[in-house]
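Chemist: This structure is in structure tokens; I'll ask about it shortly.
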Amino acid sequence: MPHLLKKSLAQLKISHISSGFITVLVGYTSSVAIILQAAASAGATPSELNSWMWALGIGMAISCIVPSWYYKTPILTAWSTPGAALLISSLQGLSMAEAVGAFLFASGLMTLIGLTGWFERIMSWVPRSLAASMLAGILLNFGLGIFTEMQQAPVFLLGLFGVFCVALCLWPRYAIILTFISGLAYLSLFTSLSVDTLTWQWAYPVWVSPQFNWPVMLGVGLPLCLVTLTSQNVPGLAILRAHGYTTPASPLVAGTGFLGVLLAPFGGFAFNLAAISAALCLGESTDPDPSQRYKAAIWAGFFYGLTGLAGAAIVNVFAILPDYFIAALAGLALLGTLSAALHTALEENTTRDAALITLLVTASGLNFFGLGSAFWGLVFGWLLLQLKRKLA
């Protein structure tokens, strides 16, 4: 046992821990407000809201740690942010029991799609260059956000950018965590963070018995399933493929779907492969060795578990950090991944035009029929690629 502990400590890297932590930080701060709004639309009580945060945190912890350890691949999962946005308007006037019925229907459908292998077959049609260009399109606005946010707090963010540049040159593996610590120190010393408003409370699960209503299941559950698959699982798997990981898709989709079935009565409305936050654990800053990056995903799962146990209390912690700090931190953390994605997307002459179209459509924010720009970017790029092959 001492030998195993010594070996584990020897393999421990700060970059794994920091990448996992930043992933959770960015994931929560960028979309937790949408979750709170979705829960409010369903008429959630304070205890039910706490249960939602518990279910989502524990669900993401399990679905990050287990497949990452099993496949030795950085599998990052998340709650369905587009799905939560859909729920804000869709759950108005419905009871929590009807909402849970819709959650169960959506997750059950995703499990079925994963088990049948349909998702794997669809993703096999997507070339790696298009997957990389879609990732670049997703991340482009995050990279630009570093500089657009400077208008809000120029002195702070210019200083933060300077710290990042110096750290990137001297200690590249620790650049993000050093930038985060520096920013936190500045905010603590020179601004008024409302730490006195923080309260602590452990989360606990609250069971809500489902009520199955066909109009609700078809009107809420089916769109929730489709949005989660197309807006989250498709780009999430494409990002893994763009980084050279060939983990089978079907078990991942089926696994997150089944986890949703188990946790839906507690507020776990939908789980899926992460897209943007996943990129934070896939770059060279996490580990130069791609075979070791899965450890960062396991750390992310650990932090997800902690936030789940803390429930709504952790939301208050994230809420006191300024939006411009989180936006800039996310952009800086994703620069390396954006650079690699652009290189992969545009290096092949035969797919360069299609990749460029995919990038531009994805970055545009285009939305048709409730399907996001990442989905349409792949569609437009793939259609152009097929057209060029037919007419060549």
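Including glycine, each Cβ sits where the backbone N, Cα and C put it.
Sharing the features that TrEMBL gives for it:
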- 21-40: transmembrane segment (TRANSMEM)
- 52-71: transmembrane segment (TRANSMEM)
- 100-118: transmembrane segment (TRANSMEM)
- 130-147: transmembrane segment (TRANSMEM)
- 153-171: transmembrane segment (TRANSMEM)
- 183-204: transmembrane segment (TRANSMEM)
- 216-240: transmembrane segment (TRANSMEM)
- 252-276: transmembrane segment (TRANSMEM)
- 296-318: transmembrane segment (TRANSMEM)
- 325-346: transmembrane segment (TRANSMEM)
- 366-385: transmembrane segment (TRANSMEM)
Chemist: Based on Cβ pairs under 8 Å, which of the stretches 130-147, 252-276, 366-385 lies most in contact with the transmembrane segment (52-71)?
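Modeler: Top-ranked stretch among 130-147, 252-276, 366-385: 252-276.
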Chemist: Near the transmembrane segment (216-240), which residues from the same chain, at least 6 beyond its ends, have a CB less than 8 A from one of its CBs?
Modeler: 73-76, 78, 80-83, 86-87, 90-91, 94, 98-99, 101-107, 109-110, 113, 119, 122-123, 126, 130-131, 134-135, 138, 247, 249, 252-253, 256, 269-270, 272-275, 278-279, 282, 370-372, 374-375, 378
Chemist: Same chain only, please: residues at least 6 beyond the ends of the transmembrane segment (130-147) with a C-beta under 8 Å from a C-beta of the stretch. Say none if there are none.
Modeler: 157, 161, 235, 238-239, 241-242, 275-276, 279, 327-328, 330-332, 334-335, 337-338, 340-342, 344-346, 351, 354-356, 358-363, 373-374, 377-378, 381-382, 385
Chemist: Would you confirm whether the transmembrane segment (100-118) and the transmembrane segment (366-385) meet the contact rule of 3 or more C-beta pairs below 8 angstroms, pairs 6 or more apart in sequence?
Modeler: no
Chemist: Using a Cβ cut-off under 8 Å, which residues of the same chain at least 6 positions beyond either end of the transmembrane segment (366-385) come close to it?
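Modeler: Same-chain contacts beyond the ends: 82, 86, 125-127, 130-131, 133-134, 137-138, 223, 226-227, 230-231, 234-235, 238, 275, 351, 353-355, 357-360.
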Chemist: Mind checking which residues reach the transmembrane segment (153-171)? Cβ under 8 Å, same chain, six or more beyond either end.
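Modeler: Here the qualifying positions are 146, 178-179, 182-183, 186-187, 322, 324-325, 328-329, 332.
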